[in-house]
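Enquirer: First, the structure itself, so that you have it in front of you.
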Amino acid sequence: MVDVEILRRRYEREREARKCAETILEKKSLELFRANQDLVAFNESLEHLVAERTKALETSESRLQSLICNLSEGVLLENQKGEIVLVNQGFCEIFKIECSPQRLVGGLCADALELVSNLFLEPQQLVNRTNEILREKKSVSDEQIKLADGRILNRDYVPIFIKSEYFGHLWKYRDVTNEVLVQEKLRASEDKYRGIIENMELGLMEVDNEGRIVTPYPRFCEMVGYEPQELIGQVAIDIFLPKEFATIFENQSKERNHGRSSVYEIQIFKKGGERIWVLISGVPIFDLNGRVTGTLGIHYDITHQKKLQNDLELARQKAEAAQEAEKQFLANMSHEIRTPLNAIIGMSHLLHDTHPTPEQKEYLTILKNSAEMLRMLISDVLDISKIRSGMVRSLAKSVQLRLQDKPISITTVFDERIENTLIGDDLLLNQILTNLIGNAEKFTAKGTIGISVKLKARVSEHYLLEFRVSDTGIGIPEDKVDLIFQTFRQVDGDIKRKFGGTGLGLSITKQLVELQGGSIEVESKLGEGSTFIVSLPYKDSGNRVIAKEYNIPNFDKIQVSDKKILVIEDNFMNRKYISTLLTKWGLDFSMAHDGKEGVEAAKKEKFDLIFMDIQMPIMDGYESTIAIRNSANPNVDTCIIALTASAMLSQKDKAFQAGMTDYLSKPFTPEQLMDKLQNNTQPSISDDLNTDNTEGGFFQFNPRLDAQLLDELYANEWDYVREMFKIFIENSIPEYEQLQEAFIKEDYEEVRRLAHKLKPTFGMVGLPDIEKKMLELENAAKAKPEKIVLEEIFDRIEADIPHAVEAVENDFNRLRLIEV
């Protein structure tokens, strides 16, 4: 029983165990089935993912290959075995390989290198360097390789590592020949201009927008005596700028902040406190966005030039003082000679009309001709202001040449081919020949003086005549020939002591020759004599030479006897001369011995004309004229003619400014005195002026004024012309002075405004050229160009203004004589 029970229990345990095992087995089978299904699903998902990634990799590889193939640069991909994996068309083109890139794939890179080794300038050096790069397996960029045909390549090497494992490398080649050439040219250009700047000793310094020094260049540091580290970070104006230049520097800084360059001069301090003058060219520095980030100052030391400029200014002032002394000397010389000469000429004329005997008449003729010659020499040769202003006047009468009684023979030669009279200035020619003959006479004690004229050239109606005046005098040393035409210069000091003279004759002769477009030269040998050769151009008149006889006009026939004249003259001889002429012509006149007496006479009685001497005691001619014009008297508007013995044009201008209407230079002839009487007292002037003719009426405008334009504007309405000229003088000239002040202050807006305002006024007085220049100045000031551009325009206007204003003022004074 016990055994059965034991067996039954064992059976029960085994059955329970089997059931439990079956349950476990069933559970595990289910788990296995489910795991297998998950595994199948994961496998399918993995296969899909691999397929997608494979496709993406293939696409990426395709894109990479396409990109590499289309690169202009040469690319070659090599694996760790040295086999070519990938190569593009650019590589083949750079190395002139005549097969497709695909044929190179799979081959050894070393074989390909050997194939193209003949292309390299130094093949073995290239192979050695390539092997070195492959051993080191480090990246290389922009390594330069030179080819035998002159091309230059840049080579890059990129090793490929994946988790520290080497898989190969990539070579990249780029043709940089043009870039290198451009860089070399740029470098050469930079070296060139750097050398120029260094040779010009220009000091450069960069500052930021706050004025702090960023970079002081070596030459600048040398210029100011500082080391670079002493300047960097410092404010430039605190170190270098004197206070008196602060405003200039501030204005220049504003220009730079607005992106504009400029050039200016200032003084700066050196390290030891010494001042130097510098010319600074300030240039704004821009960033990539066009914003101003600082300034580059280019400094040039002009201290030496400034010193020379100051020395030159002192020399100029001394030269002007000497020139003024020269002019004053000539004026005084002229004045001293004119006064007695006036009496000589006057009395010779008066004696000529007293029915002298034939012998006396001959002596008077010689005296009259000699005095007349001297008068014309004084009037034109000593009139230095006329010579310098280019206004030597042509007179109507010729001058007879006279020779002193010396033991010399005179020879003359005249070219018979010159058959007609010529158009030219016979007075100037006579003066030239008179000076040269006088010079020959002075230096020739005995022997011969020769005078010749020949036709040097002829083109159509134009003649070129050559005049020669030769002598057998003392001659001129060869090394002194160039000095004889200089003002106040003689060959040596003994000349003045032995022969006299001022040294003016040949200098003035040269100016007279050049005024006519001619030339003068001299041939001379010391001890043998000299020959002066003058070449002058003339024009054929078409008329044969006809001998003319001089006749003194009979002034008795001129009817001006109803006029009352006041003569204010302090010199007895001049009073006698004028009074005799006025009495002879039957004129009623009064005499005053000085200016004060003349003013009193003008207050008491109405005169038709007043002759006013300039230089008088007590009250001179200027003061007397001003007194008559500005006081209540019957002669406020009476024509006043200045009697001046001065050679200076400035004194004649001063006479006009004082209120005189005309002038007569001493010494004067009866004809000239009568001309003034007729021109200033004829009652028919207004009738003549109202007569229109093709010559523009009676009044002739100054040649500097555009007569045609004035005729179109005013049509001979002389009162209108006079009024416009008066307005111009009273208003436009002061406004022009305002323009000058604005220009000096660099107030260009004011310059523009005044130029615009003045512009039409110049056209209204017959000065269209200045009107155009004013328009040019207005436009330039509006555009705000560099200062030098405005200065060039303004300088041209300044050169024209004095002559233009003088022409308007002179014509206005002449117009005041006209009663319309």
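Even glycines carry a Cβ here, placed using N, Cα and C.
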Enquirer: Between 137-164, 165-192, 305-332, 389-416, which stretch does TrEMBL give the note coiled coil?
Expert: 305-332
Enquirer: Just to verify a number: CA distance, ASP613 (4-aspartylphosphate) to HIS756 (phosphohistidine), in angstrom, no decimals.
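Expert: If we compare the Cα positions of ASP613 (4-aspartylphosphate) and HIS756 (phosphohistidine), the gap is 43 Å.
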Enquirer: Please average pLDDT over the domain 'HPt' (717-811) for the predicted structure.
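Expert: In the predicted model, the domain 'HPt' (717-811) has a mean pLDDT of 83.
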Enquirer: Could you tell me how many residues in the domain 'HPt' (717-811) are helical, how many are strand and how many are coil under DSSP?
Expert: 85 helix, 0 strand, 10 coil
Enquirer: In the structure shown, which of the modified residues ASP613, HIS756 has the fewest other Cβ atoms within 10 Å?
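Expert: Counting other Cβ atoms within 10 Å of each of the modified residues ASP613, HIS756 gives the minimum at HIS756.
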Enquirer: What are the helix, strand and coil residue counts for the domain 'PAC' (262-314) according to DSSP?
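Expert: Summed over the domain 'PAC' (262-314), the classes give 12 helix, 30 strand, 11 coil.
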